[in-house]
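Student: Quick one: structure below, then a few questions.
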Amino acid sequence: MSQLYYRRTDTSSYRDRIPLRIVRAESELSGLERNYLGAVEKGDYASVKQALEEAEIYFRININCIDPLGRTALLIAIENENLEIIELLLTYNVYVGDALLHAIRKEVVGAVELLLNHKKPRGEKQVPPILLEKQFSDFTPDITPIILAAHTNNYEIIKLLVQKGVSVPQPHEVRCNCMECVSSSDVDSLRHSRSRLNIYKALASPSLLALSSEDPFLTAFQLSWELQELSKVENEFMSEYEELSQQCKQFAKDLLDQTRSSRELELILNYRDDINPLLDENTNDLARLKLAIKYRQKEFVAQPNCQQLLASRWYDEFPGWRRRHWAGKFLTCVFIGLLFPLFSLCYLVSPKSRYGHFIRKPFIKFICHTTSYLTFLFLLLLASQHIVSTDPNRQGPTPTVVEWMILPWVLGFIWTEIKQMWDGGLQDYIHDWWNLMDFVMNSLYLATISLKIVAYVKYSGFRARNEWQMWHPTLVAEAVFAIANIFSSLRLISLFTANSHLGPLQISLGRMLLDILKFLFIYCLVLLAFANGLNQLYFYYETDKGQKGCKGIRCETQNNAFSTLFETLQSLFWSVFGLISLYVTNVEADHQFTEFIGATMFGTYNVISLVVLLNMLIAMMNNSYQHIADHADIEWKFARTKLWMSYFEEGGTLPSPFNIIPSPKSIWYFICWIRKHIFKITRAKKTETFGSIGEVLRNLVKRYVAAMIRDAKTEEGLTEENFKELKQDISSFRYEVLGMMKGKVGPGGGGVAIAGSKPSEGAGASSLVYPDHSFKYSPKFPSATLKTNMFHVTTSMLQQRAAPTSTSSSTSPSTSQGLNRLVNGSVVPSWASTDTSAIPTSSTSISSHSSTPSIKDGLARKDICDFGLYSVSEVGEMGEADLEELDCDGEKEEQGGARERMCTEKEENEERGE
């Protein structure tokens, strides 16, 4: 039974079959067309030319035929990088189609140049783009040659195309709502997005930026920022746009790497792209570096050359500062900090004096401002300790001495923020988080001053503090002042950026604050959901008072934790820190089911908030810290540069509170402003000369391109394409040598080609086989003409080198000489330049063949000795079997089919006889 079952299952597997057939069959190629494409594939120049010429006469071959892979002869030649055949095909006006795009994708520079210089015939019909897209082309219509060349980032091809006057479509803005963008997105949103991505991918090409942009730094900055903004809109292609943005940033950094002197670096960093002329004093303000900070080009800013220039300007008065001991640095900073009031007074009296110039140095300015802020924090500490005692029951107390001392600093901070907002603009001001923190801090101090004034004016009497109202101005002023003190102390963290150890930690803390804000959004949603449910459940169980008259969770015995929505929110928040007991879910009535549901809801909230959300927050903060740690050097140098640049500015020299004192310099600036805006009197301006900066940019681009090409060659190494090229070169060389061999012999077997001359057009250099067609373009040679086999020739050469004889060396040239003669294109017989007496006459010579013409009949026929690889005497010593073997080898190399089978059978018969 089991055998029967096995037999059934075994036969069923052969019975149930799925018939297969080709449902999208293509037109089959004829034998001539297959041979034609095969000759192009092998690089057989003579055969390809013969096929093209016969196609013009007999029309038996479609020169634009397509192989099963969809390639025409031109595309095959492009893939093989055979420029001779490409030029030949273009000469016969084959269909070009999208061959230029294929050549660009394969990065065949020579083929691109040939196709660009090729002029199409006037009568050639162009395929409509829609048909080209659906049926023939491998590229979408938005892919133009310059876009594809930019995608490959091939500098030579891009240069060829730009010289031809090509252009790239200008992409619209990120949030453009014009008719063209709206209609294109409605018709085909995928094509619209892909087309824009392809355009931006081309524009972000480093080679295109270096070649076509007058100011590559500015173009890279703007394009990187635009791509970063576009990644926020096109979420589907976010990774692609972010990668392109990073590519532009890296290009600007690599281009800056090519600077070789401080002069070149200063010209680059001080260059302005303003259309208006520049004032004399604005030629050294690092305008390009400010622009890089604005566009957040962290790689550019953190570049070593840029940082070296900034450091030299920062420590202008202390050239050996970094080599000093830390104790000496600390004492120097303390000494300069203690003298900052004296330096400030000197600057107020005489800004152009020695000490006035000294305090304007960035590093000195930083020390003076830091010392001033530390003094302000010391005064806040004195105010919190109530060094000067006041009556606590006075409703409108007068300011103390310490508070009067704090007031000038507050006014100085406010004036500094006003000047910064005026100089940089509101948009740049609010983009800095520290400015927002300063705004909040100053607002709290202004609110404190205002409330104290209101309390002093409105409440002048004495009253016990316990009897004051909850919203008394003095009480509110004290609370606001306490909050402002916290912000003032935390503001000191911004100075940690100047230190290499504390700077990365400060940056990580700022990144973690963003994670905390994201976490709070989800946490507040969970908190509100459970607060609403618990309040709904326990609303009916609210008691008037708890034990000892205390009500709420802040009592010694917590009660009414969920009686109101506000109390519920507080209870759930403090439960995260373990400050709420479980008995708050109990009720006075014997409602155990309600208590069970309430306890379950309370426990579920703790599981979600503590186990899930809190661990998620820890993971997010860890990820942010790791990101900063991985890029600590770049992030810290970028943040430090922003801090340094704030002190490189001309304004804001004096720290608080000296900056609120009008100086002669401020008065002079005010007079100049009145003359300029009211009386319309302007001073003569100096236009910037672009010659020097243009020369520097050209040099940087040349060095960058040279380094890019050098690195590409170094990293490329040996690839599969290299082996394919080598194989194609060997194949082309083989057919070229065979063509040169055949080109020696004339139609009647006579005639010798002249050394160095081109083989005749009628030479039998073709390896194509034309079935059922007796006519061949090249004349027929005698059937007994010997053909060389490259393998046997090479083997005989090695044998002759290994065992030379005295006879052969005296009668024929050496093997190396023969090989050199063959490689150099010389096909003159070795005996052509010698005396006729050197022609062998023995009975074993080649003339013994009755089927071949004699050597002595005029010029000799084509033979193996003609190439200097064998001497005439050696060939004469060969027997009939050896010559037939050479003949068979030659026939196997050149022809197939019946002749090959005949030679094979002859060899088998000889082996059986032996």
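Each Cβ is built from the backbone N, Cα and C atoms, and glycine gets one as well.
Source: prediction; values computed, not measured.
Annotations per TrEMBL:
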- 804-816: compositional bias 'Low complexity' (COMPBIAS)
- 832-854: compositional bias 'Low complexity' (COMPBIAS)
- 879-892: compositional bias 'Acidic residues' (COMPBIAS)
- 893-906: compositional bias 'Basic and acidic residues' (COMPBIAS)
- 176-238: domain 'Transient receptor ion channel' (DOMAIN)
- 798-857: region 'Disordered' (REGION)
- 879-914: region 'Disordered' (REGION)
- 141-173: repeat 'ANK' (REPEAT)
- 330-350: transmembrane segment (TRANSMEM)
- 362-384: transmembrane segment (TRANSMEM)
- 396-416: transmembrane segment (TRANSMEM)
- 436-455: transmembrane segment (TRANSMEM)
- 475-496: transmembrane segment (TRANSMEM)
- 516-541: transmembrane segment (TRANSMEM)
- 562-584: transmembrane segment (TRANSMEM)
- 596-618: transmembrane segment (TRANSMEM)
Student: Look over the recorded stretches 436-455, 516-541, 562-584 and say which has the most C-beta pairs under 8 A to the transmembrane segment (475-496).
Tutor: 436-455
Student: Tally Cβ pairs under 8 Å between the transmembrane segment (436-455) and each listed stretch (330-350, 396-416, 562-584, 596-618), then give the stretch with the top tally.
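Tutor: Ranking 330-350, 396-416, 562-584, 596-618 by Cβ pairs under 8 Å to the transmembrane segment (436-455) puts 396-416 first.
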Student: Residues sitting near the transmembrane segment (516-541): Cβ under 8 Å, six or more positions beyond its termini, same chain?
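Tutor: Non-local partners: 561-565, 568-569, 572-573, 587-589, 594, 597-598, 601-602, 604-605, 608-609, 613, 616-617, 620-621.
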Student: Looking only at residues six or more beyond either end of the repeat 'ANK' (141-173), which have a C-beta under 8 A from one in the stretch?
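Tutor: Distal contacts: 100-101, 104-105, 107, 109, 112-113, 116, 129, 132-133, 180-181, 191, 194-196, 198-203, 205-208, 210-212, 705, 708-709.
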Student: Within the domain 'Transient receptor ion channel' (176-238), what mean pLDDT does the predicted structure show?
Tutor: 90
